[in-house]
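Engineer: Here you go, one structure.
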Amino acid sequence: MVAATGKLSVVVITVLIATISNSVSADPDMLQDVCVADLNNAVKMNGFACKANFSALDFFFAGLAKPQPTNNTLGSIVTFADVMQIPGLNTLGVSMARLDFAPGGLNQPHTHQRATEMLFVLYGELDAAFITTANVLVSKTIKQGEIFTFPRGLVHFQINNGKGPAAAIAGFNSQYPGRQNIATALFAATPSVSDSVLSKAFQISYQEVDAIKSKLVGES
């Protein structure tokens with residue numbers, strides 16, 4: 001049974017990557033076979049300059065193979081496999097991530113401004129949701145072997161309401177999908193958003209604003 005589940009996971013993840021790669025990419029099309037990112041190049045452009053020389057290691061990353069520690073405030077951790085970890089992804093318009101959850105763990109509300117996301121559950125159970133621009137919550141409980149999709153740019157989150165740990169693999173149609181955590185962006189920005197703006201927007205007191213800022217700034 002374990003072997004069959006493992007084979008299913010490999011097949012689904014392979015199809016997931018192929019589907020995203022062959023769909024309309026969020027990134028510009030490549031104009032050569034490879035353009036391995038030169039992450040140390042000082043030239044600023046949309047993407048990264050190409051390295052003159054590259055090796056197989058520029059296309060390799062082992063960081064998604066094992067669960068990562070979830071002993072933090074939110075009880076979850078996201079490990080990205082994007083162009084910053086795999087320079088060979090430059091211009092290829094695809095990346096991945098691994099999400100690990102403790103029981104009760106939350107991948108807090110956030111957006112990916114440059115990519116649509118497909119989430120495949122490796123094990124456990126997650127409540128996944130996104131919110132449309134009309135403020136409609138679209139949610140689904142997903143279990144091992146199931147997939148949920150988050151449209152590009154929309155606020156979304158996942159929470160593990162199960163009794164055991166959970167893990168998932170995400171696929172993105174961008175080499176560098178980006179991520180903006182909603183709470184952190186508003187309450188821990190530099191320079192900070194004024195208390196009057198946050199107090200009025202969330203209908204809370206200045207004291208409550210300061211308390212949230214203190215907590216989030218300390219964790220960011």
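Just so you know, glycine gets a Cβ as well, placed from its N, Cα and C.
As annotated in TrEMBL:
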type     : residues                       : note
BINDING  : Asn107, His112, Glu117         : oxalate binding site
BINDING  : His110, His112, Glu117, His156 : Mn(2+) binding site
DISULFID : Cys35-Cys50                    : disulfide bond
DOMAIN   : 62-210                         : domain 'Cupin type-1'
SIGNAL   : 1-26                           : signal peptide
Engineer: Which residue, of the disulfide-bonded residues Cys35, Cys50, has its CB surrounded by the fewest other CB atoms within 10 A?
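Structural biologist: Each of the disulfide-bonded residues Cys35, Cys50 was scored; lowest Cβ tally within 10 Å is Cys50.
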Engineer: Give me the DSSP three-state residue breakdown of the domain 'Cupin type-1' (62-210), ordered helix, strand, coil.
Structural biologist: 22 helix, 58 strand, 69 coil
Engineer: What whole-number Å value do you get for the CA-CA distance of Asn107 (oxalate binding site) and His156 (Mn(2+) binding site)?
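Structural biologist: On Cα coordinates alone, these residues lie 9 Å apart.
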Engineer: Can you name the recorded positions among Cys35, Cys50, His112 whose CA is within 10 A of the CA of His156 (Mn(2+) binding site)?
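Structural biologist: Among Cys35, Cys50, His112, the ones whose Cα sits within 10 Å of that of His156 (Mn(2+) binding site) are His112.
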Engineer: Measuring Cα to Cα, how many angstrom lie between Glu117 (oxalate binding site) and Cys35 (disulfide bond)?
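Structural biologist: That separation, Cα to Cα, works out to 24 Å.
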Engineer: Suppose we draw a 10 Å sphere around the Cβ of His110 (Mn(2+) binding site). How many other Cβ atoms does it contain, all chains included?
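Structural biologist: So the number of other Cβ atoms within 10 Å of His110 (Mn(2+) binding site) is 18.
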Engineer: Are there any residues in the same chain, six or more apart in sequence, whose C-beta is under 8 angstroms from the C-beta of His112 (oxalate binding site), and if so which?
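Structural biologist: Looking at Cβ-Cβ distances below 8 Å from His112 (oxalate binding site), excluding near sequence neighbours, one finds Phe150, Arg152, Gly153, Phe172, Ser174, Pro177, Gly178, Arg179.
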Engineer: Do you know the mean pLDDT across the domain 'Cupin type-1' (62-210)?
Structural biologist: 97
Engineer: Can you list, in sequence order, the residues of the same chain other than Asn107, His112, Glu117 whose CB lies within 8 Å of the CB centroid of the oxalate site?
Structural biologist: Val78, Ala97, His110, Thr111, Leu119, Phe150, His156, Ala170, Phe172, Pro177, Arg179
Engineer: Counting across all protein chains shown, how many other Cβ atoms sit within 10 Å of the Cβ of His156 (Mn(2+) binding site)?
Structural biologist: 22
Engineer: Cys35 (disulfide bond) to His110 (Mn(2+) binding site): how many Å between their Cα atoms?
Structural biologist: 30
